[in-house]
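**Q** Shown below is the structure under consideration.
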Amino acid sequence: MRTAAAGDGDHPLAAAASSAAEHKVNLSARQPFVQALRTGLAETFFPDDPFRGFGWRPPAARAWGALKYFVPALEWAPRYSVGKFKYDLLAGVTIASLAIPQGISYAKLANLPPIIGLYSSFVPPLLYAVFGSSNNLAVGTVAAASLLLASIIETEVPPEENPQLYLQLFYTAAFFTGVFQTALGVFRLGLIVDFLSRSTITGFMGGTAAIIIMQQLKGMLGMKHFTPKTDLISVMRSIFHYRHEWKWQSAVLGICFLLLLLSSKHLRKKRPNLFWVSAIAPFMVVVIGGIFAFLVKGNEHGIPIVGDLKKGINPLSISQLTFTDKHVNTAVKAGFLSGILALAEGIAVGRSLALIKNEQIDGNKEMVAFGIMNIAGSFTSCYLTTGPFSKSAVNFHAGCRTPMSNVVMSVCIMLVLLFLAPLFKYTPLVALSSIIVVAMIGLIKVKEFCHLYRVDKFDFCICMVAFIGVIFFTMVIGLSASVGLSVIRALLHVARPKTCKLGSIAGGELFRDVRHYPNARNIPNVLVLQLGSPIYFVNAGYLRERILRWVEDEENASKLDGQDLQYVVLDLGGVTSIDNTGIGMLVEVHKSLDRKGIRIALTNPRLEVTEKLVLSGYIKDIIGEEWVFLTVKDAITACRYALQRSRSKEDGEV
């Protein structure tokens, strides 16, 4: 009878096998509230424990260590050598040759004066070399953030109507981006960036690359008018609406440049040691295009050029920051969204390159470095900068050793600004469009799309929402929708956690999910369930219903075999925490099973869970301390022993 087993007052663990008797769950362990709070905060905000080992040092050494932590240049600069400088010099010159055409191109993409792109490659890299923690990252402007900023700001201030205010809002947005990024790094809130999943970034960057390529048809066809919107339908309508502006000269020259750039990329894949060819190819396109446009007077024959570029280094722009009520909301919105995107790209690129060299970078240090260089950049006529993948990859393959390569690049850009900037006035716009198109092709990762579809259909949907949203609506809508879907998925994992029934394998030594291991054997009269998530108010109701449904299904299956379900063992090894609602759920489950004559046993509860279950009285007053076990095997042994005792008593009474 069930009542005999359920009401058995003997201590089954004490009378079970010796292995079960020797190993008991520590129910007396306690963690003081202050210590628990400190541990929780440390794990949340300082998971890398950056100041470990500081305690035993003298005060002066601790202060110097803290200073080196916040200023990484103090770590590598004292050990810098001529041997390292040779590599950094080569890498710096190489990425400078890429920074010039990219800087001009991305500034034009954002509808800014081309010289702003060169300004943005001078000051920010110097600051990153001091505060950045990555040896491989090369700092500069990026296409996606440039277009995102333009799409947000031009809805408030069209660049054609008020170019000066439009430029000022870019500076202001860069300032707010820097403040936001610095705050995230200082307060260790990098987890916010984690809401941009890899699937979201892949889809967003792919969609952005696609619309950037379509927008470059303006430059490829030599058009003067174009839509400020970024969606596919508006872009295609604009292209054909202004088809009378198409210039065949620009189209032919653009095709030639595309073939040259694509050939250099193909050569790099075939001969990796010739990476420098593809690295300097954009610069050569600018030089060749400028010479050609100068000789044939391209501006008069259907080949528009960049125009005048002022000589001189960055002028101060701190007085141009705009904080008026009418425009500040636009600047904050643009700075926040572009800042999140820039952080995600920069940190992801830095980490991926660091892994190849078996190095470590600190995400929070990177946020502070990005923030400082964007704040300083907003004061010196720069717009948003981060660590672009293309430039960083070139820096890596060129053999950089330290952030000094950014300093070398900055010095090269300074020399260009001081002496050579006016020479780039003849650069054809079609050359810049060709450079952007080839750079963007690599961001549409079709293989990654296919990989996501094979591995995780939900991740594929998240990726496609970003991709399609950016192409057919706006960049903000695509990014927001994808992030929203990712958050919904995370909430579903919390609200609807997975539970599974365990069966025995390897002669009863191991217990595994019966769906994963179909040959796993059921334990007669015992149901073993594994709970694999924290138990909170969000999922407590679902877990209660799911456990009771497992019990009902097991009862029906047991009756077919002529047996009764006597015990339910809950494996709590995966339950990292529990709240008051969760404890109440366990009490309700106990009452429901008790009415059926079924006893509950718990196995392997963690410290935080054990402490709350003991303090609430659940263990001592409801299920009994003797029904808490260290392993599932111990619980099964005790259940079998208790069942034998119960049957022996029944036989004796008969």
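Just so you know, glycine gets a Cβ as well, placed from its N, Cα and C.
As annotated by TrEMBL, domain 'STAS' applies to 516-639. Taken from TrEMBL, the feature transmembrane segment applies to 89-106, 112-130, 137-153, 165-187, 199-217, 246-262, 274-296, 367-386, 407-424, 430-446, 458-479.
What's the neighbourhood like for each of these?
**A** Residues 114, 117-118, 120-121, 138, 140-143, 146, 276, 279-280, 282-283, 285-286, 306, 388, 390-391, 394-395, 398-400, 404-409, 411-413, 416, 424, 427, 431-433, 435-436, 439 of the same chain lie 6 or more positions beyond the ends of the transmembrane segment (89-106) yet place their CB under 8 Å from a CB of it.
Among residues of the same chain six or more beyond the transmembrane segment (367-386), those with a C-beta under 8 A of the stretch's C-beta atoms are 70, 107, 110, 112, 116, 119-125, 127-128, 131-133, 139-142, 145-146, 149, 170-175, 177-186, 190, 314-318, 321, 335, 338-339, 342-343, 345-347.
Taking Cβ pairs closer than 8 Å, the transmembrane segment (458-479) reaches residues 144, 147-148, 151-152, 197, 199-200, 202-204, 206-208, 210-211, 230-233, 337, 341, 449, 452, 485-486, 489 in its own chain, all 6 or more past its ends.
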**Q** With the transmembrane segment (246-262) as the reference, which stretch in 112-130, 137-153, 165-187, 274-296, 430-446 has the largest tally of C-beta pairs below 8 Å?
**A** 430-446
**Q** Using a Cβ cut-off of under 8 Å, list the residues of the same chain at least 6 residues beyond the transmembrane segment (137-153) that approach it.
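**A** For the transmembrane segment (137-153), the sequence-distant neighbours (Cβ-Cβ under 8 Å, at least 6 residues beyond its ends) are 95, 99, 102-103, 106-107, 109-111, 117, 120-121, 124-125, 128, 166, 169-170, 173, 204-205, 208-209, 211-212, 215, 228-230, 330-331, 333-334, 337-338, 341-342, 345-346, 349-350, 353, 373, 383-388, 391-392, 394-395, 400, 403, 405-406, 409, 436, 439-440, 443, 474-476.
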**Q** For the domain 'STAS' (516-639), what are the DSSP-based totals of helix, strand and coil residues?
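**A** Breakdown, helix to coil: 63 helix, 22 strand, 39 coil.
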**Q** Which one of these stretches, 165-187, 274-296, 407-424, 430-446, has the most C-beta pairs shorter than 8 Å to the transmembrane segment (112-130)?
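**A** The listed stretch sharing the most Cβ pairs with the transmembrane segment (112-130) is 407-424.
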**Q** With the transmembrane segment (199-217) as the reference, find which of 165-187, 274-296, 407-424, 430-446 contributes the most Cβ pairs under 8 Å.
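**A** Stretch with the highest Cβ contact count: 430-446.
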